[in-house]
Ligand code: HEC
């Protein structure tokens with residue numbers, strides 16, 4: 001009987017491991033702390049996903065591309081929340097970003113923190129060329 005119980009123990013462990021890795025996949029990149037996930041939650045409640053996706057450009061640039069572009073830009077945490085609130089074009093092309101006057105500066109900053117956390121670790125980045 002001992003072998004049988006061992007088998008069940010191993011099976012239970014395997015299931016537990018599978019379950020935890022599945023949860024891992026759903027919650028996304030490991031770099032995101034709880035503060036960054038707050039920004040994601042705020043974005044999911046807003047209209048961001050209508051124009052932005054994580055990996056690919058839709059109407060607006062992919063969030064991962066935004067993260068790469070501003071990863072080393074120290075002004076990003078003040079500049080980008082303002083852009084989310086006021087909208088405007090020129091950083092990525094002629095299509096303007098919609099303004100979001102209803103979003104507070106604090107919430108917009110949380111969103112930017114989340115977006116910037118999406119930059120791949122160790123990726124080659126150059127500082128943003130445009131300082132508008
Ligand atoms: C109507 C479409 C639209 C919606 C809705 C939208 N965006 Fe954008 N977003 C754009 C476009 C287009 C750009 C590129 C603007 C540019 O070239 O300067 C952009 C650019 C950005 C940038 C980079 C700005 C820069 O200057 O590099 C950030 C950050 C951003 N969006 C975040 C958000 C967030 C957060 C939301 C939700 C609150 C949101 N966007 C909703 C279209 C949109």
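Cβ coordinates come from backbone N, Cα and C, glycine included.
Given the structure is predicted, the values throughout are model-derived calculations rather than measurements.
TrEMBL annotations:
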type: BINDING; residues: 48, 52, 97; note: heme c binding site
type: DOMAIN; residues: 34-119; note: domain 'Cytochrome c'
type: SIGNAL; residues: 1-25; note: signal peptide
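Residue pairs drawn from 48, 52, 97, the listed heme c binders, are separated by up to 10 Å at the Cα level. Within 8 Å of the centroid of the Cβ atoms of 48, 52, 97, where the record puts heme c, the same chain has further Cβ atoms from 47, 49, 50, 51, 59, 60, 84, 98.
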